[in-house]
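Taken straight from TrEMBL:
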- 28-478: domain 'Major facilitator superfamily (MFS) profile' (DOMAIN)
- 21-41: transmembrane segment (TRANSMEM)
- 83-101: transmembrane segment (TRANSMEM)
- 113-132: transmembrane segment (TRANSMEM)
- 138-160: transmembrane segment (TRANSMEM)
- 172-190: transmembrane segment (TRANSMEM)
- 202-224: transmembrane segment (TRANSMEM)
- 285-309: transmembrane segment (TRANSMEM)
- 321-343: transmembrane segment (TRANSMEM)
- 350-374: transmembrane segment (TRANSMEM)
- 386-406: transmembrane segment (TRANSMEM)
- 427-447: transmembrane segment (TRANSMEM)
- 453-474: transmembrane segment (TRANSMEM)
Amino acid sequence: MTGGGFSVSAPAAGAEFEAKITPIVIISCIMAATGGLMFGYDVGVSGGVTSMNDFLEKFFPKVYRKKNQSGVESNYCKYDNQGLQLFTSSLYLAGLTATFFASYTTRRFGRRITMLIAGIFFIAGVIFNGAAQNLDMLIVGRILLGCGVGFANQAVPLFLSEIAPTRIRGGLNILFQLNVTIGILFANLINYGTSKIHPWGWRLSLGLAGIPAFLLTLGALVVVDTPNSLIERGRLDEGKAVLRRIRGTDNVQSEYDEILGASEAARQVKHPFRNLLKRRNRPQLVIAVAMQIFQQFTGINAIMFYAPVLFNTLGFKSDASLYSAVITGAVNVLSTVVSIYSVDRLGRRALLLEAGVQMFVSQVVIAAVLGVKLTGDQSDGLGKGWAVLVVLMVCVFVSAFAWSWGPLGWLIPSETFPLETRSAGQSVTVCTNLLFTFVIAQAFLSMLCKMKYGIFAFFSGWVLIMSVFVFFFLPETKNVPIEEMTERVWKQHWFWKRYVVDEDDDDHDDFLDGKAAAAANGRGGKVVLAAVEP
């Protein structure tokens, strides 16, 4: 049997599952989370290379000429170019499309195979981008990377939530977001160095994405698939054996029976996307979609995609802008570590509400400073003192996002859907995220040009709205077993409980039949089927 680790158990209410934090769980989560490393590197590297003169001169000569003609363009409009924005946002549009295919592979072939497909797409995209000779090759490479993002973001959060013990599920799931932030930081550091290598430094920046792509592919080859996925696909003995390995104990019958019950119900559901639209699944669907929309409308991707461009626009020199982006990247990583430590202690709601106040205040300050100091289109930039204040406020904003909406935007949807709609629900989650990421990435520079400092006031208004939503409508999910969310979370919430009453529809009858069949076939031990109503 698996050795090592220390014991944890779920809360006293509901099922109690014995589990150790075993080496195989830690290693599997670290390897799987490299999908976030690739995603983060892609986010960070695009903003850096689009501020490099060699890259702009080769692929976007109009932007290059505009950037280097002083006194002609508004400070806010130097990079307003739809082609340049398409270079960044094409990745997310491709990911949006790919996630529908990823939903099928995740359900049909498992989480591990889906991560392997993502790794292959990433490697192909890196080759095209690093060797790009024209804009067409560059866009094809970004599209391939986007397909990798779609598959990775579909599979990795599910993998992490399903393989982790209940008590540390939040912390292990946030490894994905931690790797996103590390990827962004690495990209910023590499961009800072390659910006001094002429004329091919940008190729090195894009080509080094091959390292996280290789790590993800290797990880997908060596990790085990989750017991939930194996049992859902009918591989019961293998699923139970894996459950024993990852929990470090033979006493897994209760957890096995609960997963079996959920998987029996999942197999009875013939149309998971249609089932996702049923009234009883509305709370999870609304929360998942809202979390993704709100995550993008915090304004974080606008800052992280274009951090070098943003600081350049504010009057910093090119090297200083990349240096400033490195600072924000480091804050991002350190603050995500704070989230790993606190999410299973303080809970999801507390982090989101505190961060809402912090993000709102910092964006209002940024808007006020820029409104006063950069009101003229021909501004020569901020003075040193004001520039430091802007960077400080950006760091305050990034730190708040990194321990709240960044990781929790992925964690909460991945842990709340029931197994029969989990793949479909994650697909909708990823699709919504990438759709609104695409919208923000494509529109941000034009919005910056038209709205100027008002763009930060725009995003601060959204932060206020999402904080109100969290206060009233988001329930706490910490320390709740993943297959017991319906009974212990949604049916107890003041608003959502009205939606999770039983319905007389075909899919719901199949759901109950599957649960009953699992109960009838329980293999000894304590059968935990909390969702079965008499």
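Backbone N, Cα and C define each Cβ position, glycine as well.
Simply put, out of 21-41, 321-343, 350-374, 386-406, 21-41 has the most Cβ pairs sitting under 8 Å from the transmembrane segment (202-224). Three or more CB pairs closer than 8 A are found between the transmembrane segment (427-447) and the transmembrane segment (138-160), so contact between the two stretches is assigned (pairs 6 or more residues apart). Touching of the transmembrane segment (321-343) and the transmembrane segment (386-406) is concluded from the presence of at least three CB pairs under 8 A, sequence neighbours closer than 6 excluded. The list of residues near the transmembrane segment (453-474) in space but at least 6 beyond its ends in sequence, with Cβ under 8 angstroms from a Cβ of it, reads 286-287, 290, 294, 297-299, 302, 348-349, 352-353, 356-357, 359-360, 363-364, 366-367, 369-371, 374-375, 405, 412, 444, 447, 495-496. If you look at the transmembrane segment (21-41), the same-chain residues 6 or more away from its ends with a CB under 8 A from one of its CBs are 2, 4-6, 8, 115, 118, 122, 148-149, 152-153, 155-156, 159-160, 163-165, 168, 172, 175-187, 208-209, 212-213, 215-216, 218-220, 222-224, 245-248. Note on the transmembrane segment (83-101): residues 42, 46-47, 50, 56, 59-60, 63, 121, 135, 138-139, 142-151, 153-154, 305, 427, 430-431, 434-435, 437-438, 441-446 of its chain, located 6 or more positions outside it, place their CB under 8 angstroms from a CB of the stretch.
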